[in-house]
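Record features (Swiss-Prot):
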BINDING   Cys71, Cys73, Cys86, Cys89  Zn(2+) 1 binding site
BINDING   Asp462, Asp464, Asp466  Mg(2+) binding site
BINDING   Cys811, Cys885, Cys892, Cys895  Zn(2+) 2 binding site
Amino acid sequence: MNQEVLNVFNPTVPAPAFNQIRITIASPDKIKSWSYGEIKKPETINYRTFKPERDGLFCARIFGPIKDYECLCGKYKRMKYKGIICEKCGVEVTLSRVRRERMGHIELAAPVAHIWFLKSLPSRIGLLLDMTLKDLERILYFEYFVVIEPGTTKLKYRQLLSEDEYLRAQDEFGETNFTAMIGAEAIREILRGMDLDKIAADLRVEIAEATTELKPKKLAKRLKIVEAFQQSGNKPEWMILTHVPVIPPDLRPLVPLDGGRFATSDLNDLYRRVINRNNRLKRLIELRAPDIIIRNEKRMLQEAVDALFDNGRRGRVITGANKRPLKSLADMLKGKQGRFRQNLLGKRVDYSGRSVIVVGPELKLHQCGLPKKMALELFKPFIYSRLDAKGHSATVKQAKKLVEKERPEVWDILDEVIREHPVMLNRAPTLHRLGIQAFEPVLIEGKAIQLHPLVCSAFNADFDGDQMAVHVPLSLEAQLEARVLMMSTNNILHPANGQPIIVPSQDIVLGLYYLSIMKEKEPGEGMMFANMAEIDHALNAKAITLATKIRGRYNGVDAEGKPYSKIYETSPGRMKIGELLPKHPKLSYDVVNKLMTKKEISNMIDAVYRHCGQKESVIFCDRIMALGFYNAFRAGISFGKDDMVVPKKKWDLVEETRALTKEYEQQYNDGLITQGEKYNKVVDAWGKCSDRVAEEMMKEISSVKKDPKTGREKQINSIYMMSHSGARGSPAQMKQLAGMRGLMAKPSGEIIESPIISNFKEGLTVMEYFNSTHGARKGLADTALKTANSGYLTRRLVDVAQDSIITERDCGSEKGIHMRAIIDAGQVVASLASRVLGRTAAEDIVEPATGNVIVPRGTMIEEWHVERINKSGIQEIKIRSVLTCETRNGVCGTCYGRDLARGTPVNMGEAVGVIAAQSIGEPGTQLTMRTFHIGGAATLADSSYVESNFEGIVRIRNRNVARNSEGDLVVMARNLAVVIVDVDGTERAVNRVQYGARLKVDEGDTIKRGQRIAEWDPYTRPILSEVDGIVAFEDLTEGSSMNETVDESTGIAKRVVTDSRSGRGPELRPAILIKGKDGKIIKLPRGGDARYALPVEAIISVDPNQTLKAGDAVARVPMESAKTRDITGGLPRVAELFEARRPKDAAIIAEISGTIRFGRDYKNKRRLSIEPADGGDAVEYLIPKGKHIHLQDGDVVEKGDFIVDGNPAPHDILAIKGVEELAAFLVNEIQEVYRLQGVHINDKHIEVIVRNMLQKVEIDDSGETDFLDGEQVDRIEFIEANEKAAEEAKKPATGHPVLLGITKASLQTRSFFSAASFQETTRVLTEAAVNGKVDPLEGLKENVIVGRLIPAGTGAQMARLRTIANSRDDLIVATRDEQSEGQPLVQGPADAAE
């Protein structure tokens, strides 16, 4: 007691510690146990005295006093009466804070159904009763009666009766012989009478006996809910309420406004309606009113309670006085403004301020400039305490006055307080973790925050008016974390790709580029210098310039750490940069002895960081920055209009292209090509033209002009310097300034045929200007959409991956995934080395030539390993991956590999899921929103041939070729690949060559670099004859299956296959046959006839009775009809892949290996089946008629081959080829989108997300576990259930992984808190309550919501220590219990002391 008295002013009772949270349905007794009294009146407060009405919604007797320790009538005041209940007004004398905690209840005169269990789909009550929602609503809203007890009558149990039928039945069978009820009471009776065990047993039998496919699914759903009620201890009748809880009054306050009006929470209105209707109903029942009136009142009560719980879920939305919908209890939780997202996950922070940022070039990397005014305000409490400690002030009031007057001693103290106290700077939008970093404040005059220029790229900040917020970490722990983890000097590398993010940009790059230029014939060329002092002296004397070619001595250190000096051919400018380079054996002068573009500077910083560590790199970066700024200012680079050089050849090129387009027009008029092909070719020609103009311009700008007399090189073009160095501007922008603007897009996304020939220097014509406005406006609209979409993608990614935390060092998994270099059209897009860097080898990596082990199994692959892997010519490496990691909750460090932001193995407790989500989401705003509608030209035309990038010998895989009548080698195989090998047989490149291409090389040829391997027509796809013979037409009849179109303008005829889906006559299957001399169809060597089915739109390129050779085309399919599919690009594509949506024209993939057979057509679909070679069951596909199937009857396909082209659906890849192939597909497809924009993201981030998309397993055979066949269960639950089964020697379940989209996966996490705060709050909570779910609070989000330390980072260590401590406590208690059992209970003095 005595402690309680002392503790009044600081009642810090520790919150009860808990490890998990359970959610269930509240029973009527539970609601009554929470309540402090029943609310009988709808009144709130007395409007004269402002005191709460007794028994009303704010009643002080039920909820507690309004003022601390004072009863309502004022008889008892002050502390000494604590705990007394006043006999006059009935109010307990206690803290007014209890009005935030105490609940009341309303006793309902008639039970009502809880709307969440009724209307939240699937309706829980409906599922349990096996009734439709419509029937349920008819009973609940008093339209139909339901038979509860049929008695001896011929009515059935649970039969619905309308009013008339009910009266008729009463007349027929007598009122007492059966019971029928209406409303929630009826449903409650039925629910109460359910025997769940019997229903569950019956359902299991029914599922086992079901024959159709849909029935067991439906029954399984119902069985699941029955089992949920059995296991959770919820009773079905609790879904019908007899008492409504009333939340504490201070959570739905009534606030007096000036002018005698009140602002009130909507909940009070909703409660008032419930109470009014309930009281009216009670009165009507007492008065024995007619049935119909009571029924109406009950219905109104049901509606009032519905509105209170979830307004608008059923019927009209109930609005307040101002026509605004009232916010019900459900709305309080939902959405961005709901409790979860507004108050629990995102809170406003005190001790923070914001201001505009300006550049602070003289700051060190770890500093920021903080305005004195801001610092004084932010650090006030620290200043007060320091003033007090130093004796400047005796009270806080005095200290406040001193600070307000800004006395000199206050500034001195501010300096002390701020020393070594980091502050955090944040720039919105915070897209990744580098959006908040810690700095040491430096006090400055003025009102703007100064920011170090090198951290701008991390914040994505510029100084055109951006604002930033400052936050002060208060506790020692927070300061420690800010200094150790968040200091800008600790965040040199980008977490997404491990490259430096503290990279000079703009002026600094320009300055360093200018320094590192070397020119011919400058004064003093060829002089030798011993050290920097001599060079500076010569520069000042103007004996040499910064760009002179000189020979200078550079002093470095060798591997033993001894200094050495070496003479390099270099320039004074480069020596200046070299002077700043830290001395290290691995860092030679060659790092700086080159032209310093932005990329080279980045590589240089990377090298310094890798070899010399963090401290050296930070110092180096600061010095490089100073040097860059100084030299950019000294160089005085600017540009005028004459620097934009329009190439002389431009008009020749334009004329040439105009002639080409005229020719295409003519070809179209002659009927040689279709409208679509003409469009493709024209667009293509102009595209090439504008590229060539740009090339010419770049040539002219970059070429070095020399002074004819002295031979000295002239000043390099300034624009070229800016663009080439990477400081500002890109070739694409220069092309628009001085080349030609090129093709523009219509608002619909198609490309306009006539390009913009002018550039900005020449100026646009009116027509051109108008044409270019579409694109400009679309760009602006896109940007706005993009930001929102990108943010939403990031949110979904974070939500799906937030539980992926490093929880153990090594899971010991034997599995892994195979990595190869990614080669696209013969170009190496991502080398093998770059993909395996920083990952763990799953097997020994062996050098093929010598058999030496380069990297032993289980070792992380570092930079020096990568160099050896590159040299050794290894093609494939098996590495550990998070996809195959066997850790239960979270991921293990070995499978994850290197922490990219630190360059070291990843730490325990690192939240890799969130990092992955941020790395993928942050560049989202740079991706386009564009969906390309391309007739194939712009993407295909450049790929009408393939060249070799290497010298070597040609090997051809799957060589199936034929010589056509023109004598060319034509590719007849679908999967032919030309492999180029070295003399020693190492594969250099693999080039896939498409069907119908003409091969320019053959097996065993030697090939030079740049030599063509194959060519093909990019605009059409041929159908080739495989045998020599004579052409015959089948089912090709003029007018129905084929049209002979004569072009009006040219009079040339061509035959096009048309869709013969007419109701009349037999079904036609147009085809071309190849017959022998004997007039019979030739048999193909692989079985089947030489019959070529023709797809719609195919153009026939042969005449009947024409003689063909193998490899000749019988028809061609225009590419536009095969290719005008929208190529979804950019952000929508990434979202589509992560959401695992089926693409519109999904490819059809062979599920088994076997032989193709065509069956009877079905309506407008073609039937195709694959017969397996081993004689198993055939697999059948129905394919829409318009689709081109490039397989003939009798072709042999491998499992996983494409039958119909298109984008494959990820689910199919998973089902047919397995997890590793799926991951490879998703990683490649997503990377492709980012690569186009030049964004680098490490594969492991995408793998982390994919791992979380594969959390569920679908049960194939439940064995002897509790699962149902076809049920989706969590992977961990699946493993645990099988382990349990194995222990009990039962048959385990089998299943296969299921791919879920990120939204779906987030909603199905094991934590209902995390799911509810993401989306569809009502549905998630309803489901969790029915199942009586327990949230173990393992993820990040749940812990933020309940206000605990998150189990990642520092929190992970704390959690680990807590578990160890708990186990120790248990041990001590257990041993003590054991000892006490053997000893008589006599309390000795030692025990008492304890």
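Using N, Cα and C of the backbone, Cβ positions are placed for all residues, glycine too.
The most densely surrounded of the binding-site residues Cys73, Cys89, Cys811, Cys892 is Cys892 (count of other Cβ atoms within 10 A of its Cβ). Annotated pair Asp466 (Mg(2+) binding site) and Cys895 (Zn(2+) 2 binding site), C-alpha to C-alpha distance, rounded: 40 Å.
Counting other C-beta atoms within 10 Å of each candidate's C-beta, the binding-site residues Cys86, Cys885 are led by Cys885.
Here the Cβ of Cys895 (Zn(2+) 2 binding site) has 30 other Cβ atoms within 10 Å, regardless of which shown protein chain they belong to. On the backbone, the CA of Asp464 (Mg(2+) binding site) and the CA of Cys71 (Zn(2+) 1 binding site) stand 60 Å apart. Comparing Asp462 (Mg(2+) binding site) with Cys895 (Zn(2+) 2 binding site), their Cα atoms are 38 Å apart once rounded. Each residue contributes its Cα atom, and for Cys895 (Zn(2+) 2 binding site) and Cys86 (Zn(2+) 1 binding site) these two points are 67 Å apart. Sequence-distant neighbours of Cys71 (Zn(2+) 1 binding site): residues of the same chain at least 6 apart with a C-beta under 8 Å from its C-beta are Ala60, Pro65, Lys77, Cys86, Lys88, Cys89, Val91, Glu92, Val93. Here the binding-site residues are Asp462, Asp464, Asp466, and the one ringed by the most other CB atoms within 10 angstroms is Asp466.
Ranking the binding-site residues Cys811, Cys885, Cys892 by Cα distance from Cys73 (Zn(2+) 1 binding site) puts Cys892 first. Sitting within 8 Å of the Cβ centre of Cys811, Cys885, Cys892, Cys895, and not among those site residues for Zn(2+) 2, are the Cβ atoms of Glu808, Asp810, Ser813, Arg880, Val882, Thr884, Glu886, Thr887, Val891, Gly893, Thr894, Tyr896. Cys86 (Zn(2+) 1 binding site) falls within neither a helix nor a strand when secondary structure is assigned with DSSP, and so counts as coil. Same-chain neighbours of the Zn(2+) 1 site beyond Cys71, Cys73, Cys86, Cys89, judged by a C-beta within 8 angstroms of the site's C-beta center, are, in sequence order, Leu72, Gly74, Lys75, Tyr76, Glu87, Lys88, Gly90, Val91. Excluding Asp462, Asp464, Asp466, which define the Mg(2+) site, the same chain contributes Ile357, Ala461, Phe463, Gly465 within 8 Å (Cβ to the Cβ centroid), listed in sequence order. Secondary structure at Cys895 (Zn(2+) 2 binding site), taken from DSSP and collapsed to helix, strand or coil, is helix. Secondary structure at Cys73 (Zn(2+) 1 binding site), taken from DSSP and collapsed to helix, strand or coil, is coil.
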